Amino acid sequence: MTNTRKSHPLIKIVNHSFIDLPTPSNISTWWNFGSLLGVCLGLQILTGLFLAMHYIADTTTAFSSVTHICRDVNYGWLIRYMHANGASMFFIFLYFHIGRGIYYGSYTFMDTWNIGILLLFAVMATAFMGYVLPWGQMSFWGATVITNLLSAIPYIGPTLVEWIWGGFSVDKATLTRFFALHFILPFIITAMVMIHLLFLHETGSNNPSGMNSDSDKIPFHPYYTIKDILGVLFMMITLTSLVMFTPDLLGDPDNYTPANPLNTPPHIKPEWYFLFAYAILRSIPNKLGGVLALAFSILILTLFPILHSSKQRSMSFRPLSQCLMWMLVANLLILTWIGGQPVEHPFITIGQLASMTYFFTILILMPSTALMENKLLKW
């Protein structure tokens, strides 16, 4: 008698993806972030759905509806803060996941990597639009500043901005379309995640050694299902602690003031997870140059497979490249800090130096160090 798990047309797909999937026996905790991102996405869709039941996408009532959710809806405060801090967790895991991919050379799976970059853009767009919805001061001014950047595009820029706004400023039309897009994008992201996994399962997972692991594979269940559940447990402990004790730790106090087009906040800044890109944007005095640098700071990820010049895939056995990798991490932390600081001396100079180092490390230092390590291997 055939096993239903292996013969049923639908269950068979789940079986090949999560149960009988041959997985390298030596993948570390750095491989947990994929499943954690999946859990985060599910959590965001669920909490977002309940928030959408009470939220009103209108400039006059949006702020009040969020207040109503927190005060009057049963456990509304919990749903709202789980959603807001869940986004922060999402980005923490995203950055760890990308960092893992860079460190262990997972970007050599070109299809999986490129879909991943598109996913990153989609998640960033979703998070940005979600930040606009509470219609606080930082929501309004953040939306105004970031959408205005598109006006730097030659010839079509100003028209494009007005087209996105649905008028001559960020107003009711903007809020309505941002809510519609914020609602639909997570489902598009879910479809993209499936494509991401489809491409991954074509090649199989990478592993810390960066070598072919076909000779040493184990089934995904029970070994990695248990490991993933442990990761989810740690994530839920962290997230619930954040929500229960310091729900506003990662937010901006300005967003507790209703949006006022006549009053500009002293320091306009996005959520913490965009600060590194915001710092790169601000470090260039020219508007178009800043926008290009901002776009390229993320698009540079597409160059990793092209710039890979080492004979080894992973950085596990390459100490010099490891130093550069951690230098890049430190550099991104500095950029994140700078993005949250006012535009004044010495922050301007630090931001410019950190932005320059970011591009220099990825484009020149990392490939040349890899070539040097190839030479050292021959000695």
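Each residue's number is its place along the chain shown, starting with 1.
Using N, Cα and C of the backbone, Cβ positions are placed for all residues, glycine too.
According to Swiss-Prot, the heme b b562 binding site annotation covers His83, His182, on the basis of similarity to another entry. Residues or ranges marked as heme b b566 binding site by Swiss-Prot: His97, His196. Per Swiss-Prot, the feature ubiquinone binding site maps to His201; the stated evidence is similarity to another entry. Summarising the annotation, Swiss-Prot assigns transmembrane segment to 33-53, 77-98, 113-133, 178-198, 226-246, 288-308, 320-340, 347-367.
Comparing the binding-site residues His97, His182, His201 on other C-beta atoms within 10 angstroms of each C-beta gives the minimum for His201.
A separation of roughly 17 Å, to the nearest angstrom, links the Cα atoms of His97 (heme b b566 binding site) and the residue listed as 'ubiquinone binding site'. Note: the CA-CA distance between His196 (heme b b566 binding site) and His83 (heme b b562 binding site) rounds to 24 Å. Distance between Cα atoms for His182 (heme b b562 binding site) and the residue listed as 'ubiquinone binding site': 29 Å, as a whole number. Tertiary proximity for the transmembrane segment (33-53) is limited to same-chain residues at least six positions away from its ends with a CB under 8 Å from its CB atoms, namely 69, 79-80, 82-83, 86-87, 89-90, 93-94, 96-97, 100, 182-183, 186-187, 189-190, 193, 228, 231-232, 235. Each residue contributes its Cα atom, and for the residue listed as 'ubiquinone binding site' and His83 (heme b b562 binding site) these two points are 30 Å apart. Sequence-distant neighbours of the transmembrane segment (113-133) (same chain, 6+ residues past either end, Cβ-Cβ under 8 Å): 55, 57, 62, 66, 87, 90-91, 94, 98, 101, 106-107, 139-140, 142-143, 146, 174-175, 178-179, 181-182, 185-186, 188-189, 192-193, 195-196, 199, 270-271, 273-274, 298-299, 301-302, 304-305. Beyond its flanks by at least six residues, the transmembrane segment (226-246) meets 29, 32-33, 35-36, 39-40, 78, 81-82, 85-86, 88-89, 93 of its own chain at Cβ-Cβ distances under 8 Å.
Cβ neighbours of His83 (heme b b562 binding site) (same chain, under 8 Å, six or more residues apart in sequence): Gln44, Thr47, Gly48, Leu51. Through the fold, the transmembrane segment (347-367) approaches residues 279-280, 282-284, 293, 296-297, 300, 303-304, 307-309, 321, 324-325, 327-328, 331-332, 334-335, 338-339, 341 of its own chain, all at least 6 residues removed from its boundaries and within a Cβ separation under 8 Å.
Counting residues 6+ beyond its ends, the transmembrane segment (178-198) has Cβ neighbours under 8 Å at 17, 38, 41, 44-45, 48, 52, 55, 57, 112, 115-116, 118-119, 122-123, 125-126, 129-130, 132-133, 143 in the same chain. When Cβ atoms from all protein chains are considered, those within 10 Å of His196 (heme b b566 binding site) total 21, not counting its own.
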